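Lifted from TrEMBL, the feature list:
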type	residues	note
DOMAIN	6-208	domain 'Phosphoribosyltransferase'
BINDING	ARG79, ARG104, ASP131, PRO132, MET133, LEU134, ALA135, THR136, ALA137, ASN138, SER139, ASP200	5-phospho-alpha-D-ribose 1-diphosphate binding site
BINDING	ILE194, GLY199, ASP200, ALA201	uracil binding site
Amino acid sequence: MRHLTVVDHPLVQHKLTLLRMKQTPTAEFRRLVNEIALLLAYEITRDLPLEEVPIETPLMPARSKVLAGKKVCIVSILRAGDGLLEGMLDLIPSARVGHIGLYRDPVTLQPVDYYYKVPQDIAERPVIVVDPMLATANSAARAIARLKESGARDIKFACLLAAPEGLARMKEAHPDVPVFTASLDDGLDDHGYILPGLGDAGDRLFGTK
Ligand code: URA
């Protein structure tokens, strides 16, 4: 599988433009994130395994396909990752949900997890890690390393925007984890914000600015 997939569907690109605009209010921002998350989930789940089961239609017995294996687990990187959950769960309602909270150690500057809750059998599930902004990728790389420590092997990463710096870091740290994004942006500013970006995703989602 490709390491990077830019979901360039016209609906995604249109909604993303509205999302970037600074005058977009919180309620509208949330709604757009939900819609884009659903469309990202559609692309990410394209290769889920299927199996045939016997069914009866109103006309005759038949064989038809259903999803095989354990249910997907979506893992949100707190707090902005939670913004992508609702839209994804609209499409995959039976998905399990995990959470990882990270902070930056003031001495080592490395991300440390302060909260970690995922299903015990995460090793047997396809995992989609979600965080809207892949900027430096420090949090994403650490979260994925933690999931691998728990045995997870089938991991994908979903974001709204990715910076080339973050993408390079992910490729180096986790070449086996494909990244799905609605846009590959230009780069990072001195504070680690994605340019042109959409600002602080958590603040815009939760109205905390
Ligand atoms: N996190 C955000 O919310 N926005 C950015 O641009 C980068 C990281």
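Any Cβ shown, glycine's included, is placed from N, Cα and C.
Mean model confidence for the domain 'Phosphoribosyltransferase' (6-208) is a pLDDT of 96. Taking the C-alpha positions, the distance from ALA135 (5-phospho-alpha-D-ribose 1-diphosphate binding site) to ILE194 (uracil binding site) comes to 6 Å. Secondary structure from DSSP puts SER139 (5-phospho-alpha-D-ribose 1-diphosphate binding site) in a helix. In the structure shown, the C-beta of ASP131 has more C-beta neighbours within 10 angstroms than that of any other entry among the binding-site residues ASP131, ASP200. Closest by Cα distance to ASP200 (uracil binding site), from the binding-site residues ARG79, ASP131, MET133, ALA137, SER139, is MET133.
Note on ALA137 (5-phospho-alpha-D-ribose 1-diphosphate binding site): other Cβ atoms within 10 Å of its Cβ, all shown chains, come to 27. Cα spacing between ALA201 (uracil binding site) and MET133 (5-phospho-alpha-D-ribose 1-diphosphate binding site): 7 Å, rounded to the nearest whole number.
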